[in-house]
Amino acid sequence: MAKNRFNQSWLHDHINDPYVKMAQREGYRARAAYKLKEIDEQDKLIRPGQVIVDLGAAPGSWSQYARNKLAQGKRRDAVREGGIDGTIIALDMLPMEPVADVHFIQGDFREESVLHQLEEVLAGRAVDLVISDMAPNLSGVAVADAARIEHVCDLALEFAQNHLKPDGALLVKCFHGSGYSQIVEKFKHQFKTVAPRKPKASRDKSSETFILGRHLKQPR
């Protein structure tokens, strides 16, 4: 009975969520697009001509937002792919419906075959921005969940270290909990500038937050 009440409450909140309604109206696949939008408007992350990698991209709302932003910024004389000035590569182990002008690679980005596909698209270019809305399956057991969250952030940090330009940026989703301070310290070890972000589009009840790192300390 309690579970049914919880499901009904969640459904009520979801249906009446202004960001859900806005996403439906503006054609975004998930309300998460507005989290990236708020952070981008604050920090000016996405700019014409960039190479952007979206980790854990499905269902694709972050790639959609990035694509729309690069389409708005296209220059008449730009060398661009399709309707955007720049390159967006989305990776996920899950399938994802195509997004216009976005290269999608399905698979685990730790595997050689997936990295080979990525390198083919990059064609020797370094990445300007890595965005990650990845989240592990949470068990409700605090210690186990903290380890899973930290592992996902570690994967994004390692990917960024291997692919970012020296002045590049990494934005990852994280959760406040027992391991949060350790994750922040890892960011500070890797980036010159580190800042937490809690966009208004994140639900009030959620411990979700985002960490933004800029300018690698030891670029490869």
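Backbone N, Cα and C atoms are what each Cβ position is placed from, and that goes for glycine too.
Per Swiss-Prot, the S-adenosyl-L-methionine site holds G60, W62, D92, D108; the candidate it also names there, chosen from D128, D133, D145, is D133. According to DSSP, W62 (S-adenosyl-L-methionine binding site) sits within a helical segment.
Listed in sequence order, S132, D133, M134, A135, E208, T209, F210 are the same-chain residues six or more apart from K173 (active site, proton acceptor) with CB atoms under 8 A from its CB. D133 (S-adenosyl-L-methionine binding site) carries neither a helix nor a strand DSSP state and counts as coil.
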